[in-house]
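Enquirer: Below are the features listed in Swiss-Prot for this protein:
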type	residues	note
ACT_SITE	Tyr161	active site, proton acceptor
BINDING	Lys165	NAD(+) binding site
MOD_RES	Met1	N-acetylmethionine
MOTIF	359-362	motif 'Prevents secretion from ER'
TRANSMEM	289-309	transmembrane segment
Amino acid sequence: MEQAVRSESKKGQVTGTDLINEVSKAKKCTVIGGSGFLGQHMVEQLLSRGYAVNVFDVRQGFDNPRVQFFIGDLCNQQDLYPALKGVSTVFHCASPPSNSNNKELFYRVNSTGTKTVIETCKEAGVQKLILTSSASVVFEGVDIKNGTEDLPYAMKPIDYYTETKILQERAVLDANDPKKNFLTAAIRPHGIFGPRDPQLVPVLIDAARKGKMKFMIGNGKNLVDFTFVENVVHGHILAAEHLSRDAGLGGKAFHITNDEPIPFWTFLSRILTGLNYEAPKYHIPYRVAYYLAFLLSLLVMVLSPLIQIQTTFTPFRVALAGTFHYYSCEKAKKLIGYRPLVTMDDAVERTVQSFHHLRKDK
């Protein structure tokens, strides 16, 4: 395999330096999906902690002379191998956006692509693979309060994202093999937000500008975990560093959140009011909203042979907005020493300040 791709190593490399060759292997890593929201924050923290970093992605999302970029398809082992050769740790955080409805893309990236990542890691001699999973792998649209990692995988996943995240996490954890010096772990964040977030805040403000944020689903008391992006990154790095000291941690999943559950609508309202938009005032009973969303989904399905309709008002989104779903971080605290670096108050303030360009003029 190495000979087959040695001549390809320059093809996918876009920019960067040879720093990756000047650092001890223990501090060399590759971030798959490093051009994305979470990936960019991960690269920044890794660099600040003295790591040499490769980024593998379908595009180069930023410029940094301290980073080596490799562009390619993660389903293609020849594209992937040069980015993984010579590193000790791979952070795999590539995934289509969770709000997509492209089943084929989810299966290709999260399932097929992850299998390729696992095989290529083994070929390249990578010692640790840390996956960005999701707490949604145990969520079926009903209340979860202080859920632990012992909860079973969802039997009825709420969407293609969750469905393929379950397959992805299982594949990575099952690949753990201490005898062959290949250790894996999965980090399960929930509701990632922060500066440069391309989804939560921009989508929320777009809805507010269109007058779609006047109503809240349910009584507004349902607690949910939202997690600041820097805390998510911190959890990944802790997992990798503790795996180096304790191989017994391999094959495990860890919930990583801000450890401060907050009412779903309170969180959204803080973002909205921080950017000078009105918070939702009116309540729609949860069951009414869910029933209406269910009827709409049936209508969309019936009409699908004639016309393609994209709707954001789905039973899944109603469940996300109207149920309790927050998770225990005790396992991560005990086994990898996790503590959030940034509190919810500071995280919301920093996020709001970073989106000043979306602020509504008073």
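In case you wondered, yes, glycine gets a Cβ from its N, Cα and C as well.
Each of the listed features needs to be described in terms of its position in the shown structure.
Expert: Same-chain residues at least 6 positions away in sequence with a Cβ under 8 Å from that of Tyr161 (active site, proton acceptor) are, in sequence order, Ser95, Pro96, Ser98, Ser100, Phe106, Asn110, Ser134, Ser136.
Long-range Cβ contacts of Lys165 (NAD(+) binding site) within its own chain (separation 6+, distance under 8 Å): Ser95, Asn110, Ser133, Ser134, Ser136, Val137.
Residue counts for the motif 'Prevents secretion from ER' (359-362) by DSSP state, with H, G and I taken as helix and E and B as strand, are 0 helix, 0 strand, 4 coil.
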Enquirer: According to DSSP, does Tyr161 (active site, proton acceptor) sit in a helix, a strand, or coil?
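Expert: In three-state terms, Tyr161 (active site, proton acceptor) counts as helix.
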